[in-house]
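Accompanying notes for the structure given below.
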Amino acid sequence: MAVCARLCGVGPARGCRRRQQRRGPAETAAADSEADTDPEEERIEAGPARCSLLELPPELLVEIFASLPGTDLPSLAQVCSRFRRILHTDTIWRRRCREEYGVCENLRKLEITGVSCRDVYAKLLHRYRHILGLWQPDIGPYGGLLNVVVDGLFIIGWMYLPPHDPHVGDPMRFKPLFRIHLMERKSATVECMYGHKGPHNGHIQIVKRDEFSTKCNQTDHHRMSGGRQEEFRTWLREEWGRTLEDIFHEHMQELILMKFIYTSQYDNCLTYRRIYLPPSHPDDLIKPGLFKGTYGSHGLEIVMLSFHGSRARGTKITGDPNIPAGQQTVEIDLQRRIQLPDVENLRNFNELSRIVLEVREQVRQEQEAGEGPAPHREPAVKDPEGPPAKASKEAGPGAEAAEQSSTSGQGQPFVLPAGVSSRNEDYPRTCRLCFYGTGLIAGHGFTSPERTPGVFVLFDEDRFGFLWLELKSFSLYSRVQATFQNADAPSPQAFDEMLRNIQSLTS
């Protein structure tokens with residue numbers, strides 16, 4: 001009881017009187033007639049003590065205020081002048097910078113420049129908090145993946161790039177496009193990082209919560225002394241890891257030159273729209289997320305794999321003139337498993353084609369009869385918590401064998417049929433499961449788009465493939481292993497809306 005009494009020295013005494021309040025009249029009278037063995041407790045219970053936050057010592061107030069969200073502290077400063085003075089304590093704001101934004105730097109060095117932790121929180125971190133996370137730039141059909149993070153005492157926008165074609169298993173590359181930091185007490189400084197001449201003056205405008213734009217105020221820093229030819233050669237080495245002479249395919253050369261001309265005209269003056277990572281569910285086939293995939297002459301692109309009940313969808317985060325960013329590149333029917341033939345028969349393209357086209361005919365007949373799932377019309381998630389993938393009657397007798405092989409961990413032998421091209425020959429030779437799916441193909445400029453049948457091949461938790469039947473082409477996808485902060489959708493509905501928005505921009 002003595003411990004409780006000491007605690008109540010900084011608060012109302014009612015907490016120590018609970019025992020007395022719970023007694024009946026007889027117990028109270030008996031207790032009053034007994035001598036209390038704790039004089040300190042007797043003094044506290046004898047008279048009601050009143051105490052407020054204003055009476056607490058400054059050290060305790062600092063601890064209390066430092067544990068509150070930074071957004072609540074301005075209201076406390078308006079209570080009284082004492083609170084306002086205490087809230088100038090840098091310890092409070094150092095803790096808020098660390099707990100809310102992960103700033104673990106030694107902030108004491110800021111004292112040299114006259115910038116306080118309070119300035120860092122209010123004028124840098126809190127002011128630009130809405131641009132943290134993942135974004136897709138509006139660069140025509142090409143798109144992109146921007147990750148804005150707090151990095152020490154900077155906020156940096158990193159553009160994530162796929163590895164050089166065709167090394168889909170290599171880690172992602174990234175380069176800074178802009179940074180924000182606090183040089184003086186007045187305001188934060190925005191710098192453009194584009195080009196090869198170092199940081200220079202830039203500007204950021206937050207259009208709305210899920211959209212912002214960047215502008216370079218010194219685009220001459222993007223130019224090189226050797227003119228456009230030197231700029232193109234440098235861009236080609238960074239983008240493709242090779243020279244134009246190394247690329248013998250004429251159509252591929254045209255695509256590369258077209259991308260350089262189109263993307264370089266923006267000069268880092270771009271509009272970005274927020275994207276979210278897909279929500280996961282325990283019944284998902286594999287963990288959803290971002291993957292790098294091979295797309296023939298277009299090189300490597302970034303695709304977001306998400307699950308929607310009995311279907312999985314791959315949405316392009318980066319794109320090309322045929323299928324632009326934001327479009328749904330593949331859709332997989334998780335209720336239609338495909339049992340591959342043995343390796344010898346699998347080498348025969350006609351045999352695999354026969355199996356896939358039989359499934360497509362079943363789908364067509366069911367849709368016409370109204371028995372099967374309705375045709376896909378939009379990327380909205382109608383049933384985000386739908387049933388897990390399982391064998392269906394339409395999948396044929398091989399579905400049970402596929403399920404057994406997946407649970408046993410043995411897998412199925414896999415080899416590409418003769419005549420099927422692949423940018424990367426280093427694909428796994430065993431797979432866990434195969435499903436019927438469709439892929440989106442179109443002419444240049446996204447003309448005459450249509451969905452064509454194919455086979456989704458699941459290799460493991462981090463790799464899958466898609467065999468484009470009509471194109472006789474195989475795309476290999478490998479998971480992006482980077483960790484992204486501030487990228488989770490606030491709700492499944494918000495993720496659905498994001499998919500609709502990025503698709504509508506290029507439809």
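The backbone N, Cα and C atoms fix where each Cβ goes, glycine too.
Since we're looking at a predicted model, the values are computed, not measured.
Residues or ranges marked as phosphoserine in Swiss-Prot: S33 (among others).
Residues or ranges marked as compositional bias 'Acidic residues' by Swiss-Prot: 33-42.
Per Swiss-Prot, phosphothreonine is recorded for T37, and the stated evidence type is a large-scale study or a structure entry.
Annotation source Swiss-Prot lists motif 'D box' at 50-55.
In the three-state DSSP assignment, the secondary structure recorded for H222 (Zn(2+) binding site) is helix. Around H222 (Zn(2+) binding site), the same-chain residues six or more apart in sequence whose CB sits under 8 Å from its CB are Y194, G195, K197, C216, D267, N268, listed in sequence order. Swiss-Prot lists C192, H200, C216, H222 with the feature Zn(2+) binding site, giving similarity to another entry as the kind of evidence.
Reduced to three states, the DSSP call for S264 (phosphoserine) is helix. Within its own chain, S264 (phosphoserine) has E231, W235 as residues 6 or more apart in sequence whose C-beta sits under 8 angstroms from its own. Here Swiss-Prot flags S264 (among others) as phosphoserine.
Look at Swiss-Prot and you will find 374-385 tagged as compositional bias 'Basic and acidic residues'.
In three-state terms derived from DSSP, S448 (phosphoserine) belongs to an extended strand segment. As annotated by Swiss-Prot, phosphoserine applies to S448 (among others).
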Inter-residue C-alpha distance, S448 (phosphoserine) and H200 (Zn(2+) binding site) (nearest angstrom): 44
Spatial neighbours of H200 (Zn(2+) binding site) that are distant in sequence (at least 6 apart) but have CB under 8 A: E191, C192, C216, N217, Q218, H221
Sparsest-packed among the recorded positions, when each Cβ's other Cβ atoms within 10 Å are tallied, from C192, C216, S448: S448
Reduced DSSP assignment, C216 (Zn(2+) binding site): strand
